[in-house]
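Peer 1: Supplied in C-alpha cells, the structure appears directly below.
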Amino acid sequence: MIVVIDYDTGNTRNVKKALDYLNLENELTADPKKILAADGLILPGVGAFQKAMDSLNERKLVPIIQAAAERGIPILGICLGMQLLFDKSLEFGETNGLGIIPGEVVPIPENLGVKVPHMGWDKNRAVQADPLATVFDDQFTYFVHSYYVATDKAKIVATVDYGVQIPSIVRQDNVIGIQFHPEKSGQVGLAGLTKFKEMIQNEDYSRN
Amino acid sequence: MLAKRIIPCLDVDHGRVMKGVNFVNLKDVGDPTQIAAAYQKQGADELVFLDITATNEGRKAIVETIEAVASQVFMPLTVGGGIHSVADMQNLLKAGADKTAVNSAAVNNPELITQGAKKFGSQCVVLAIDAKWNPEANQYNVYVNGGRKKTDLDAIKWAKQGVARGAGELLVTSMDKDGTKSGFDIKLYQELTKAVNVPIIASGGAGNIQDFTDVFLAANVDGALAASVFHFGELTIADVKSQLSQNGVIVR
C-alpha cells in the first residue's frame, strides 16, 4: 500500500488520481500509524514552503516522516514535497524543512534571461545511474516552481538546464525527490510512478 | 530550456465539447475526456477548456467535466470562461485544473487577480485578454464579454498591470486574427513579450503549420493555442511539432 500524505496541499488529489488510474493501491491519509505501516510514501506539495511546513507541524507529521525515512520506508517527494525533504528554504525568509537530505532550497536566479517561475516541459539529463534516471533521462516532464534545491552532487540523479543546473531528481538511499510533476507529465510521468512502485516491491534502495 | 507548448482549446457547454465557427452552428462533437485523451496521445503539451455555458446553473458542469478529465488525462489543464471569484478558481483547482484563466471578471475587478495569486500562487492565475487593434488610438483595445464589448483599456498596459497584480501567464487572443486562419498577430505578441516577463500564449489565426513556426521564431511566445485546425483534423500536433523542430524550435 502506498500512502499519499494528506496535509491539505494543492496537488494531493491529482497524485491520487494518477495512482488510481495506474491501479496502484493507495490511500490518502494523515494517520501516523498508517504512514509508518506503509510500503511506500508519497509527499506531494504545491504552494509555499512555510505554509506547507506549518501544515505538517499542525498535524504532528514532521517526526513521523523523519521516522519513516529512518526506518527505510521508500519516500517520494514531489515538487514542493521534494523541497520539504531538505534542511531549510530561503523562500520568504528562512524556514526549516524536514532535514532528511542535506541541502537548502534557493531561488532560481532571475538575471539569467530566464522566466521565473520555471513553468512548462523541460528535458531531464541523468547524471547518475538509478532506476528513475532510466525512465526520465532525455525525457521532457512538466515543471512549475520558482525555487530549487542546492545539494551535494552525490545526491543528484538528474538535472535540467535552466540557466542553472536544476536538480530534477535527487536520491538518498530510500528517499527520493522529484522536482517536476509526474502526475502531469503524460505517459513518461506515469511510467515513473509505476517505477517507484516497482522499486518499493524490489526493496531496491541501493544505487545500481 | 523549456519546450514551446502546443495547446489545443476545447469549447465546453454543459459538459460536452462543441465545435463551430465564431460561436455559430455549434455542434456537439463529443465527450471532453475522450477528446482530451486523444489530444494527449497526439502530443499536446497542455489543454485549455473554455466554458461557453451561458447559464449559471450550467456552470457546475464544468467542475464535473474537469474532475472527469483529470482522472484520465495527465497533463496541465487550464480552465477559463465564467470565472468570477476566488471560490470559482478553488472549485476548478480542486477538481484537477492546474490553472484558471480570468478575463472579463478581471477587467471588472482587477483585485480578483491579486486575490487568486495570493491564495493559489501566480502559476495558477492566467490572465486571458481579447485584444483588437484600434488604428485611431494606435493601440490594441481590450474587449470583454466574449469579445462583444469594447473597453478603453490598452491591452499592453493591461497585460503589465495584470502581471504586476500576480498573473503568472497571459493567454492573449487577437480578435483581428481569430477565425481568419491567416496566421498569428506577430506584432501584438512582439509588443507583449517586450512588455512582460511571464509566459505568453498566442491565440487566434492559426491556419497552417508555418503560422506556428512564425509566431515562435518572430515573437518568441511560449505557447500557441489553436482550436479549429486541430478539431477539424486539418493539422496534427505531430506535424506541427515536426516542422517546429526542423526550424530549431525546441518542442517535446
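Cβ coordinates come from backbone N, Cα and C, glycine included.
All TrEMBL annotations are machine predictions without curation.
Annotation source TrEMBL lists domain 'Glutamine amidotransferase' at A:3-187. What TrEMBL records for A:Cys79 is active site, nucleophile. The annotation active site is assigned in TrEMBL to A:His181, A:Glu183.
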Peer 1: Could you pull the average pLDDT for the domain 'Glutamine amidotransferase' (A:3-187)?
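Peer 2: Mean per-residue confidence for the domain 'Glutamine amidotransferase' (A:3-187): 95 out of 100.
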Peer 1: Using Cα coordinates, what distance in whole Å links A:His181 (active site) and A:Cys79 (active site, nucleophile)?
Peer 2: 6
Peer 1: Might you list, by sequence position, any residue in that chain lying six or more from the residue listed as 'active site, nucleophile' with a Cβ less than 8 Å away from its Cβ?
Peer 2: A:Asn11, A:Pro44, A:Gly45, A:Val46, A:Val144, A:His145, A:Ile178, A:Gln179, A:Phe180, A:His181
Peer 1: How many other Cβ atoms sit within 10 Å of the Cβ of A:His181 (active site)?
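Peer 2: Cβ-Cβ neighbours of A:His181 (active site) within 10 Å number 25.
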Peer 1: Hey, what's the Cβ neighbour count for A:Glu183 (active site) at 10 Å?
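Peer 2: Around the Cβ of A:Glu183 (active site), 27 other Cβ atoms lie within 10 Å.
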